[in-house]
Each structure stands twice: as C-alpha cells, then as structure tokens.
C-alpha cells in the first residue's frame, strides 16, 4: 500500500498544479467581469510554445517564459475582441479554443515523439525524508515558485488597493468608471494576467508533467479549471482545495496502474460482489471518465443553491461594458 | 488601449455591413491562412490547390463534400435553436457519439429479428434517442441544479468518449458489449450488415456510381423547412427569441424558462444523435473506438456563421464541409495534421465575431 500511496501523492500534485494555475488565472479574469472560455486553448498554446523553446534553447526556464508570453498574447487578442469590440464572450472564448486547437497541432507536429529534460526534482532537506508524505517536498523549483505565486495572488486580490479595484470593476463597472477608474484597462490587465497563468499551466503540463508534446495534450484540464472557479464560488482558497481534489481524481488512473499489484491483491481477497464493484471502479475507461463525471456532479452540488452562486459571482460577469 | 475609437450602438443593424462583413471575413481568413502556411514553410500554391481545388475536382469529391455538410447542417440547426434561447449546448460531439453507440446497440440487439430495410430506420431513431438522453442529462442538471450547461455538456463529451471505449474495449473486469466477437480483439464493432445501412443513391441513380452518398441526404428537404417554421413562424420560436434577447421579459410574459431549456436541449441533442446515427448507417458502417468525427464542435461555428438562421446554416455547412475536406486532403498530400481545418474554422469565427461590430455599432474617433 505504501508504494500505492507514494505514487498517488506524487501524481496528485503533478495533476493539481496546472489546475491551480489555470483556475487562478480564470478566477482573476472573472473577478474583473470577463468570462474567458479560451483557457484550454491558451494552455495548449502555452504547452506547445514552451516545449518548442525548451527543446530549441535547451533551457526549460526560457521555455516557461515563452509559454507565459504566448498565453498573454492570446489573452490580449481575446480581451481586444470582448472588451474593446464587445463581442459575445461565450462565442469568442469557444472560437479561441477551436483556433488554438488547430494552431497548436500544426506548430507541434515536429515535436511529437521528442522529449525534454524539463525540470528536475529539488527535494527539500529533512522534509523530503519523511516516509510517504515526504513526496510532497520533492517537487521542481517551478512547482514551488508556482505555489508561491498562487498564494501571493490570492493575497493580492483581497488585501491591496489594486486587487480591490479589480474586484470593483467586476462587481459594478459603472460605479468604478464613475469614480474615475478605467474599466477597459483593468479588464485588459485581468484577462492578460489570466492568460499568463494559463500559459504557465500549459508549460507545466509539457515540461514537468509529461515532458513531451502531443496534439491536445491538455485533455480538458482548461475546461475543468473553468468549472473549478464555479466550484470554488470565486474564492481562491477553495480553488486550491478543489484543484487537489480533481488532481486526485485525474491521477487515480496513473496510480492504479503503477500499483496494479496491490489492487489485484485486494481483488483476490475480497468477496465476489465487492470485487465486481472494485473491478468496475478500477476499469481504465471508468477511471478516465472519473474527473469529468466528478466535475459534473460537483458542479450540480455547488450550483443547486442559486442564491449562493448569485451572491458570490462577480455581478457583471460576462456582460460587455461600452465605456 | 492604444487604439482610440468609440462605438456607438446603431438603431438598426446596418444592411450594407451585413453583406460586406461575410466577404471581408472570408478574405481575412484566407489571407491569414496564407500567412500561417508561409510561416511554417509550406508551399502556398500546393497547399491551396490541395485544400480548395482538388477536393471538388471529381464527382466523388463533391459527394464526400455533401456527406460532410449533412451532419454539420443537422447539428447546427439544433444548436441554433438552443443558442437563440441563450442555452449554450457546446457538447454536441458527445451527443453525436452517444447517437452512434445507441444505433450500434440497436443493431446488435435486433439484428435478424426485424424485417430488413426496417433495421436501419430503427437504428436512426435509436441514435436520436441517444443524443436526446445525453443532452437531456445536461438539461436536467441545468433545470434541477442550475448547473452551467456550457461546462456540463462539454464534460459529457469526455464521458461519452469513455462510454464508447467501454463498450468496444474489453478488459479483465468488463466485457465489451458492442465489440465484434470475431474481430480478433480489435476495439470496434462488427461491420454493419446490409440491412443495417441506408441505401446508396448510386443504387438507382447511375450519376452517383461509386460514391458513398446515401438517401439520408433527402432528410434535409424535410428538416430545413421544419426548422425555418419552428424558428420564425411558431409560438415556441417566438418564446425562444424573447428568452434569448430579454430573459426578464420572458419571465414576465409567463414563459416557463425550465420548459424552454428542456425543449431546446432535447432538440439539439436529437439532431446531434441523428447526425451520429446517420454517419454510421451511412458512410462509416462500423463503430470504432477512435471515432471522433468532430462534427459536433465544427457545427458550433456553422451555427454562428449561418447567423442562427436555417438558410444561412445550409450555406455555412457547405463552406465548413469544404474546410474540413480540405483539411483532410492536406493531411494526405502534405502530411499536415487534420486539425489544420480547425485553425481555419477558428480564424473564420474570430474574424466574424470581430467584424460584426460594424453591423451593430458605428465606429468613430474618440
């Protein structure tokens, strides 16, 4: 069971990081009143460009930088359309995702099958030696920095004047405008910051999680990140908790395979009904579908209290503002 | 930011711009496609010939073009109904896959027990049911729990693909119910017998000899007018438009929001399921675990490009089918990924959304 737990913890963190990053980016964007459904697309572009640059330059850090910049670029394009040209936010986000699905596949065709060294684990002395839980402290430097960044952003959003301004714009753009703030500029900023985090999440997937590129490598993580924001009712702390939960579900498959022996052991020693249920639950297809089914179920659970959602959602979310 | 211009809403949409915008958008899409090909070092002349000219240069090419336009048109009609009511079903791809799974299950269940010639029709109806079931799940979650349908329909696409795997790939713990028992373990169903496929046009029109065009295409002559009436002439269509444009007014008028969500979800799911079933009993003739036609996603663009209007959707589905066909031709000719076509589709939609500002607003200097 030890091997099972250790590999499970390791893969949960790997799977949770892109979710935390992209989810935090979308949370900030939505807090300013902009609904960006292009997260999956910005992540794909971040993943392919960071992989390309890391492969070409030999430096994973340059790769990360490229991923972040490309994420910002596509977010800026999105912001220009919805903030400046007042296009429908849902349709524009979908268009962005469809466009980048094709573009990333086209740009990445040469990189399929290649691999990068990416980031190496940097164990924290003493803490990493603790059995099982020590796995938490054997992450890459990028992961530690990302965690620090997310914690900082969560603090920034609620404890600084600029964070307050961003939230005010999302709650009531007219009031923010009336007291002299530039709504358009704030929405641009929030959307581009969201894009940077999505790009970083993409870089994390191609340089840390898989150390490879393939078409559609993000596999819906961007969409789950959008769902996570609702799940968290727009609160950063709940977002982090949610990401860990979804990370757990995404990594069940990997972990079960890695520790297949121990599951077989349970199957052999349990009653036939229980082993039937367990057999179904550990079926590869069921495990693959688990994070998506869980997203749907949890979304229903969270959304059932409509008042709570209305109270927590930024009041101007998804609505254009013609300043 | 940087670009200083001001948008003033027009009292009525500009008619001149409604004509100009599609032309502008097509030109912009072609130009940026050109730029992408130059950037990645592909011979532009070859690529454009392979993309736009070659696919339509033979009768078979034209038949394949129509075969692709059929599912796109069907699905987009359903989606347009939902989008008009402000219900964002973006998971038609999953509903299509479930349509295929239901149609194939029906074949496995009923093969040999019903009159030949009837089986394919029953399978199509089963496919419609499958699509409705999958969309109905999202409708239930929206009306019962307020769960956002954008996310639920999309998540259900991934779940549908797992269902497809589940019924076709065996494992230690489960038997693959739809897998071909004589298929040497390949993750696919048996090839559909003759009575489980639709008759080809070639069987009585020699013009279409050698093509895969089937009688399903005639459904359009029934369905397109039906949707035109539903959207423009019926009371339900009126309710949809009010709910889409002014939800508060719809509530005030006593239109039930929940009933409308159910209705438009079931219609859009039925059309996606129909498209999936037709695809299988028509040109494909077998369910495979790698079945990812992508029509469900492309149809979203078709719906917007056709301006949520049945006639527009027919034209838009022809254009998008050409883009898809070109993408496949390019894949064969120059070994570029098939998803190149989604690059073109995305560009087209982005330009269309951006340029629509000219229809609804007057642009002036600040």
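Using the three backbone atoms N, Cα and C, a Cβ is placed for every residue, glycine included.
Feature list (source: TrEMBL):
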TRANSMEM  A:32-55  transmembrane segment
TRANSMEM  A:62-83  transmembrane segment
TRANSMEM  A:89-109  transmembrane segment
TRANSMEM  A:140-158  transmembrane segment
TRANSMEM  A:188-210  transmembrane segment
TRANSMEM  A:216-234  transmembrane segment
TRANSMEM  A:239-260  transmembrane segment
TRANSMEM  A:280-302  transmembrane segment
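The stretches the transmembrane segment (A:89-109) and the transmembrane segment (A:32-55) are in mutual contact, each linked to the other by at least three Cβ pairs under 8 Å (pairs 6 or more apart in sequence). Contact between the transmembrane segment (A:216-234) and the transmembrane segment (A:32-55) is supported: at least 3 Cβ pairs lie under 8 Å, counting only residues 6 or more apart in sequence. Ranked by number of Cβ pairs under 8 Å to the transmembrane segment (A:188-210), the listed stretches A:32-55, A:62-83, A:140-158 are led by A:62-83.
Long-range Cβ contacts of the transmembrane segment (A:62-83) within its own chain (Cβ-Cβ under 8 Å, at least 6 residues beyond either end) map to 29, 34, 36, 38, 41-43, 45-47, 49-55, 89, 92-93, 96, 100, 116, 142, 184, 187-188, 191-192, 194-200, 202-203, 206-207, 320-321. Counting only same-chain residues 6+ beyond the ends of the transmembrane segment (A:32-55), those with a CB under 8 A from a CB of the stretch are 18, 22, 25-26, 62-71, 74-75, 78-79, 82-83, 89-90, 92-94, 96-101, 103-104, 107-108, 111, 114, 116, 118, 166-167, 169-171, 173, 186-187, 189-191, 194-195, 198-203, 205-207, 212-213, 216-218, 220-223, 225-226, 314-319, 321.
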